[in-house]
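> I'd like to ask you about the structure that follows.
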């Protein structure tokens with residue numbers, strides 16, 4: 001959630017309404033500096049601050065041993081049912097709630113290692129065993145874990161290491177004396193079996209190494225720009241009064257060509273609903289899996305066995321190195337503020353982390369610079385106007401906001417600081433909410449004794465635990481006011497400049513041979529160079545992400561001199577022009593891209609209007625669009641029906657589809673098929689054949705048939721879905737690429753070799769343009785192709 005929780009928004013709204021009208025007028029017209037100065041005294045300890053503390057108590061970001069016991073027991077229950085993946089995640093939750101140094105945390109790691117072993121993740125299992133040992137795993141239980149270590153090493157082919165591990169177990173058992181209990185007898189039996197396996201493997205001849213399939217990977221053409229960090233030399237940085245800073249092709253660009261590779265200056269994981277404050281009557285701990293459980297909180301890599309923060313239960317990392325780097329850069333300050341940051345939303349969290357990464361010296365320098373005497377030149381929007389009128393504007397990029405003294409635009413804090421906050425365009429109420437939120441964070445930093453850490457005035461050793469000040473003041477220190485002003489600027493910037501980092505995440509069960517994926521918002525970030533791209537509802541680029549890095553590729557030919565356009569969300573293929581304009585109003589501009597002009601200035605209906613339409617419930621002819629009543633276009637029928645009744649029918653249909661998918665998740669595939677087929681029949685009576693929901697139902701039917709191994713039926717339904725997706729998004733869209741990827745999996749598993757090879761080729765051509773030749777999906781497609789091409793010639797000829 002980008003903004004604070006609703007209760008805090010309502011609290012701020014009540015405070016705003018209670019202010020004197022004259023003060024509201026001053027705040028509405030004030031600069032960022034004056035807004036912060038006036039707002040510092042408006043967070044009352046006995047009212048707003050107290051309400052915020054109450055909300056924070058519901059966020060549950062601290063260590064709770066009772067929660068650890070709950071998650072560990074739930075993990076044991078699922079482990080017993082052989083749900084090893086779910087059990088591993090619950091053991092991770094348990095470890096995150098255990099107090100650092102407690103023996104129980106070692107039990108969590110040991111239990112998780114058992115789940116990982118059953119999942120065949122031997123390397124990660126060994127890491128967890130090492131963690132269990134280093135955290136003081138009980139001596140009496142150690143032989144069982146060490147035997148698991150030996151078995152992992154054996155599975156990995158590390159025979160000498162496995163033999164050494166068994167020797168350690170043997171010596172330990174000998175030191176502990178004679179054991180007669182059934183458990184110890186089982187250990188001895190397992191030890192003997194492993195020794196035999198090692199001996200057998202040692203006597204086997206060394207297997208001939210198979211030559212790895214030479215998967216051809218296209219090398220990406222790349223020559224970096226001298227003036228724009230991470231950008232291709234095929235781009236140039238321009239600006240004018242209407243478009244501000246923007247990127248233009250300086251030469252002809254081909255589809256699939258890389259244009260920009262940028263690491264986020266700052267990114268913050270979007271936590272997921274279960275981490276946001278819940279109703280205080282709820283006492284049970286949440287077992288739902290969210291982004292916070294699935295991805296590293298620093299590098300955003302997918303987690304299998306997380307390393308928990310030693311201070312809070314929320315932050316989790318893919319490795320101890322990521323945990324250490326995060327602590328050093330920002331988490332030592334954020335750790336004790338976890339509940340507050342979850343309550344105030346991701347935008348406030350991004351703002352805080354931005355100033356922590358930049359450091360007080362750089363923040364102070366730029367804040368003081370923004371207070372300079374020439375207000376126009378230090379206001380980025382006014383500077384753009386001033387520079388667009390300057391006679392030497394075209395001579396280079398020197399002087400463009402965000403560029404350094406050498407005219408280079410880098411992915412730096414200076415570039416972030418110069419992104420437009422649009423302070424005068426935000427509503428006064430919104431600015432007031434942001435001001436109170438930022439002040440609340442800085443006061444918490446001051447009260448927790450973290451001010452010196454924020455200002456980089458102490459060594460990292462002194463930050464291991466926050467200090468509680470003996471005295472607290474309602475007034476922020478001058479240094480924290482500087483940090484607060486910068487944070488307020490960044491919160492306002494994010495409305496127009498936040499970039500969602502998205503990933504293709506598996507949806508539904510992972511048991512099937514066909515993996516269904518959908519794009520999911522993973523994090524919110526500042527990408528200063530990517531932010532230079534202006535919006536179009538019909539963009540000419542695609543953006544893909546790997547961890548915290550963004551890559552921009554041309555999705556179509558871009559001639560020299562044409563501007564590079566990004567889509568901020570509203571796309572011509574996904575919504576009507578009126579809906580797009582409404583959503584884009586948050587960016588404080590009216591879209592005048594070619595797609596919008598075509599729809600606004602002509603009688604041509606949008607693709608969405610034509611294909612996502614209703615049809616006559618009586619004769620299935622197209623329905624003519626009206627305000628409240630819709631009329632059949634067939635003169636012989638001429639039936640009229642209310643828009644509301646059809647909309648109600650559509651909502652009922654969507655609920656039935658949802659129930660069918662729940663049946664599929666409960667492994668009731670036959671019932672799911674019956675319900676989906678009935679839904680499809682009902683939909684055909686009032687939805688146009690090209691309606692996207694018709695395609696979604698075909699996609700769901702393909703998914704169900706694939707779980708049953710009925711590959712031909714699955715392929716037939718998915719091909720119909722692809723036809724509808726292609727009508728909406730076009731034959732070379734990334735959406736078609738993802739659908740073809742699923743079809744390739746179905747045809748591969750159904751042994752339809754020739755169809756699979758042609759589908760793989762088409763999917764590869766499309767996805768390499770949008771996602772690049774090194775993407776995971778491209779590699780999987782190439783592996784399928786290699787496997788099929790290695791089949792005997794007689795098999796290939798038959799298929």
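Cβ atoms here come from the backbone N, Cα and C positions, even for glycine.
Where the annotation comes from TrEMBL, it is an automatic prediction and has not been curated.
So TrEMBL lists these for the protein:
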- 643-670: coiled coil (COILED)
- 233-569: domain 'SET' (DOMAIN)
- 296-335: domain 'MYND-type' (DOMAIN)
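Please go over these features one by one and say how buried each is and what sits next to it.
Remote same-chain partners of the coiled coil (643-670), defined as residues 6 or more beyond its termini with a Cβ less than 8 Å from a stretch Cβ, comprise 508-509, 614, 617, 626-630, 676, 678-679, 682-683, 686-687, 693, 696-697, 700, 703-704, 707-708.
For the domain 'MYND-type' (296-335), the residues of the chain that approach it from at least six positions outside its boundaries are 60-64, 67, 88, 92, 95-98, 100, 112, 116, 121, 124, 127-128, 131, 267, 269, 271, 275, 341-342, 349, 352-353, 356-357, 445, 450, 453-454, 460, 463-466, 501, 503, 522-523, 547-548, judged by C-beta separation under 8 angstroms.
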> Residue counts in helix (H, G, I), strand (E, B) and coil for the domain 'MYND-type' (296-335), per DSSP?
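Its residues divide into 16 helix, 5 strand, 19 coil.
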